[in-house]
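Q: I'd like to ask you about the structure that follows.
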Amino acid sequence: MIELKHVTFGYNKKQMVLQDINITIPDGENVGILGESGCGKSTLASLVLGLFKPVKGEIYLSDNAVLPIFQHPLTSFNPDWTIETSLKEALYYYRGLTDNTAQDQLLLQHLSTFELNAQLLTKLPSEVSGGQLQRFNVMRSLLAQPRVLICDEITSNLDVIAEQNVINILKAQTITNLNHFIVISHDLSVLQRLVNRIIVLKDGMIVDDFAIEELFNVDRHPYTKELVQAFSY
């Protein structure tokens, strides 16, 4: 379970980015955080990950095995390491897997799942496309077998086929390894395919919180309706 109680946060004392955030996410629930750029979505993710501490309020996680997948994969990889080295480091660090043969077998299985060529493993991060690197980024996090996954705009660099591939993989992982994941996105179609609950942020505050089946209900917050209408164009 993830629980935020009256969480307030600001990068300086004059302006709060998030104000009085109250969220409870039970095990097994996948949640999308929806809102425009600058509304506090990524800051909220950073707080859950423990990268920042709230100015006020409390954050509780029942499981400490929480990992992020960030929007820009190039900043998530060591530029001097091959893709293979970075992936195997995750297997060693998070799972204690040191046997090279076992590591290779896991990598080959995941390469097939993510529809990536094994020849790319010898490349540096700067030598593969942004879409390929983002798929490797997702792969690395899943190889680490986290219980909670925080996904921050992870499909922004992917074409539509690769995007659906990653979504299918994450949905399958929900059944196997993950307790739940939180998806930060401005793309409503991604959230509709991935989560069963949406929380809407506006100006650092929660203005709506509903099950995905209730997205088009007439009693949705006016801002939620505005986002839905904007996306439909």
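Heads up, residue numbers simply count up from 1 along the chain you see.
Yeah, the Cβs are placed from backbone N, Cα and C, and that goes for glycine too.
Below are the features listed in Swiss-Prot for this protein:
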type: DOMAIN; residues: 2-228; note: domain 'ABC transporter'
type: BINDING; residues: G35, E36, S37, G38, C39, G40, K41, S42; note: ATP binding site
Q: Using the CB centroid of G35, E36, S37, G38, C39, G40, K41, S42 as the ATP site centre, which other residues of the same chain sit with their CB within 8 A?
A: H186, L201
Q: What is the average pLDDT across the domain 'ABC transporter' (2-228)?
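A: A mean pLDDT of 91 is what the model gives the domain 'ABC transporter' (2-228).
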Q: Which residue, of the binding-site residues G35, G38, G40, has its CB surrounded by the fewest other CB atoms within 10 A?
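A: Taking G35, G38, G40 as the binding-site residues, the minimal 10 Å Cβ count falls on G38.
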Q: Using DSSP and three states only, what is K41 (ATP binding site)?
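A: DSSP assigns K41 (ATP binding site) to helix.
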Q: Which site among E36, S37, C39, K41, S42 has the most other CB atoms no more than 10 Å from its CB, taking these as binding-site residues?
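A: For the binding-site residues E36, S37, C39, K41, S42, the Cβ with the most other Cβ atoms within 10 Å is K41.
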